[in-house]
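J.: Okay, handing you the structure first.
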Amino acid sequence: MAAQNHLQITIPKENQIPEEDFDYSQRAQWLRAAVLGANDGLVSIASLMMGVGAVQENVKTMMLTGFAGLFAGACSMAIGEFVSVYSQLDIERAQIKRDKATRGQNREHEEGNKEQLPNPFQAAVASSIAFSLGAIVPILAAALIENHEVRLAVIVAAVSLALLAFGGIGAFLGRSPMVKSCARVLIGGWMAMAITFGLTKLIGSTGLEI
């Protein structure tokens, strides 16, 4: 009997990119804006509320300060990120035109360059939403506690956990070292809160009314 040979042909799926060949620099365009916005919202609003809490025990004052900082910061982050990324976009477009004029590029290479250009709208929206998500953490933590000293401790604990979470998410999505990223974000947040709390406490102790 003749042996039967089975021929199996595997058709590769289109638009499927192997993980080792994935360009994480493209993901970094919006990841940078999101992580920066979340960390900035978390640390700045927590520091602001800690500073107010150093001289004011009223929870309503801390909450109003936090919400005012949230809205102002979200708008500021969106506008600043849009202007920054749009300026980068103009520079990269000009560079592509110069490369095309001097060396010449085929259409496929030109399309690839266009796909890698940053999106200012995407960066602005990601930064604003991430800032708001980060800023709401210390506000919610303060709203749940009536005792002033316990409230400050809960804010620090909640912010510390959120900083670790944001640092871990950024490291996971960007394929960077997890421990180093979390430690860098956590220590930076602690320093910002400590400096703001200490300076505001020092100003309040001089007799100035806030």
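Each Cβ is built from the backbone N, Cα and C atoms, and glycine gets one as well.
Pulled these features from TrEMBL for this protein:
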{"type": "COMPBIAS", "residues": "98-114", "note": "compositional bias 'Basic and acidic residues'"}
{"type": "REGION", "residues": "98-117", "note": "region 'Disordered'"}
{"type": "TRANSMEM", "residues": "33-55", "note": "transmembrane segment"}
{"type": "TRANSMEM", "residues": "67-89", "note": "transmembrane segment"}
{"type": "TRANSMEM", "residues": "123-145", "note": "transmembrane segment"}
{"type": "TRANSMEM", "residues": "151-173", "note": "transmembrane segment"}
{"type": "TRANSMEM", "residues": "185-204", "note": "transmembrane segment"}
J.: Can you work out whether the transmembrane segment (185-204) touches the transmembrane segment (33-55), with the criterion being 3+ CB pairs under 8 Å where the paired residues are 6 or more apart along the chain?
T.: yes
J.: So, does the transmembrane segment (67-89) come close enough to the transmembrane segment (151-173) to give 3+ Cβ pairs below 8 Å, pairs being at least 6 apart in sequence?
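T.: Counting Cβ pairs under 8 Å, fewer than 3, so no.
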